Amino acid sequence: MCRLGIPLFYVELAIGQRLRRGSIGVWTAISPYLGGVGLGCVTVSFLVSLYYNTVLTWVLWYFLNSFQSPLPWSSCPLDVNRTGRFEAECQASSTVSYFWYRQTLNITADISDSGSIQGRLLACLAASWAVVYLCVIRGIESTGKAIYFTALFPYLVLTIFLIRGLTLPGAVEGLIYLFTPDILQNPRVWLDAATQIFFSLSLAFGGHIAFASYNPPRNNCEKDAVTIALVNSMTSLYASIAVFSVLGFKAGELSTEHGLQTMPTNHLLFPEGHEVECPEVHVHPQPKCDLVSAGGGDVSGTGLAFIIFTEAILHMPGAPGWAVLFFGMLFTLGLSSMFGNMESIITPLLDMGLTHRSIPKEVLTGLACLLCFLSAICFTLQSGNYWLEVFDNYAAPLNLIIFAFLEVIGVAYVYGLQRFSDDIVCMTGRRPSLYWRVTWKVVSPLLLLTIFVAYIAVLVWTPLSYRAWNTQYVGPLGEWGATLGLIWPFPVLPRVQMTRKQKDTWQDRRPKLQDGGAS
């Protein structure tokens, strides 16, 4: 965080505030050869927006279903013949897994079987994009008003969950598991933690550059960078304590109710003969039921939100109320992320002048949201969860590492560290300390290069794959799928060719400090 996250965050805020443009405009002004970095940031923001809002679609579906008592994932439904017997595949797995995999996703056996569009998810997707559009319709003006609620409401809900979670039996065991994990010896964990910084602080997406362009020219961007990054880290820790205290309670409840038996969570039966044999369930005493075994081994991502935590809520008195709070919080958190992603797309488009000045910004924003909605329809297919996992694992992380490396190299060596330091003096009144200058020029580039090499090594030595519905089966990607997430850095290359004629003039340009923001 201190050697990579905060320094890169500082760079993006400072360069956006100084040059008063979006990502494409900023990097083109620094050097036409770097214009592709801005274009790549827009592309990644577009891709991430597609599956971020798909997660919001699922959250909205669960939120709407939370206004029921009992909750629909608390019991198995009757079979289709209404003979009084419960659905066999629900009894073979668990109620929360059945509601997630069958009643929400209606998931197929693997990614090769696309399935059909799920109408309920399509409706929720349209509603989610409509909410995003209403919040960003007038750019920073409307977003600034909405952010007061979307930023503060999650803190209120987290505090409620924290107070409740710490009073539940098993909370101490959950916190012990949080602060004394047994997975730190795995190098992949540290690599995942390094790449997670990009998502946690939204680095290399271009959103911070766009938002910073609206700051007053003399704003103290250094103070903003350090304060926001520290608040972000403290919020993550605060949320982790609330979540793991509840998960510790859930693990203890499962130990008591099931006699310490190991329950399969993803055993689903498929129509038309698609049935996968799974090991028999053996009931046997265990010394303890930890969080991993209690969650079926999936304690991250969608498994954490839609399976593990939803099952924990079932064991809490007044479960529907807690479900409404939890999924309402997740929806507002997702909206906050979408504000930055959409600003990363819209502001550069305005900089490029793709539309006539007579076209209102509201229309451009609406067209961008409509395009994103149409592109995200593939995630409402029965195989949509597989596609989302492929996008999440391969479409963004490597690209963000590359763009972040090019950003820090562009500022430190192309724009010039001395020139950048002079700009910061002009904005904040003081020169960056030796710590910042050494970090920008040496430490951050080396760390990013190391992470890039390690990530490539993982891709080479680990077969590209996605997790299928059966935890015993991991589906391999075809050649087209394996290259899906690796081709997106290439918008950088054609941009270089487009701007080759300007190579002799850019060095003499020095953007003048302006009073207005990006428009």
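Glycine is treated like the rest: Cβ placed from N, Cα and C.
Curation does not apply to TrEMBL; its annotations are automatic.
Quick look at what TrEMBL lists:
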type	residues	note
TRANSMEM	26-52	transmembrane segment
TRANSMEM	120-140	transmembrane segment
TRANSMEM	152-177	transmembrane segment
TRANSMEM	197-214	transmembrane segment
BINDING	Ser200, Asn232, Leu333, Ser337	Na(+) binding site
TRANSMEM	226-249	transmembrane segment
TRANSMEM	322-342	transmembrane segment
TRANSMEM	363-382	transmembrane segment
TRANSMEM	394-417	transmembrane segment
TRANSMEM	438-461	transmembrane segment
TRANSMEM	473-493	transmembrane segment
Notebook entry, point to check: Any chance the transmembrane segment (363-382) and the transmembrane segment (120-140) are in contact, meaning at least three CB pairs closer than 8 A with a sequence separation of 6+?
Noted result: yes
Note to self: Counting across all protein chains present, how many other Cβ atoms fall within 10 Å of the Cβ of Ser337 (Na(+) binding site)?
What the structure shows: 20
Check: What else in the chain is close to the transmembrane segment (322-342), if you only count residues 6 or more beyond its ends and a Cβ gap under 8 Å?
Finding: 45, 48-49, 52-53, 55-56, 59-60, 62-63, 66-67, 71, 131-132, 135-136, 143, 146-147, 149-151, 153-154, 157-158, 160-161, 164, 202, 205, 207-208, 211, 305, 309-310, 313, 316, 365, 368-369
Notebook entry, point to check: Which one, 26-52, 197-214, 226-249, has the most C-beta pairs under 8 Å toward the transmembrane segment (394-417)?
Noted result: 26-52
Item checked: Tertiary contacts of the transmembrane segment (197-214) (same chain, 6+ residues out, Cβ under 8 Å) -> 1, 4-5, 8-9, 12-17, 19-23, 26, 38, 41-42, 44-45, 48, 140, 221, 229, 232-233, 236, 337, 340-341, 343-344, 346-348, 396-397, 399-401, 403-404, 407, 517-518
Item checked: Sorted by sequence, non-Ser200, Asn232, Leu333, Ser337 residues with Cβ within 8 Å of centre, Na(+) -> Phe199, Leu201, Ser202, Thr235, Ser236, Ser336
Margin query: Below 8 angstroms Cβ to Cβ, which residues of this chain, lying six or more residues outside the transmembrane segment (226-249), approach it?
Written below: 1, 5-6, 9-10, 155, 158-159, 161-162, 164-166, 168-178, 200-201, 291, 294-295, 299, 304, 308-309, 312-313, 315-316
Check: Short question: which residues 6 or more past the ends of the transmembrane segment (120-140) have a Cβ under 8 Å from it?
Finding: 53-54, 56-58, 60-61, 64, 104-105, 146, 150, 211, 214, 335, 338-339, 342-343, 346-347, 361-362, 365-366, 369-370, 372-373, 376-377, 379-380, 384, 517
Notebook entry, point to check: Mind checking which residues reach the transmembrane segment (152-177)? Cβ under 8 Å, same chain, six or more beyond either end.
Noted result: 235, 238-239, 241-253, 290-291, 316, 322, 325-326, 328-329, 332-333
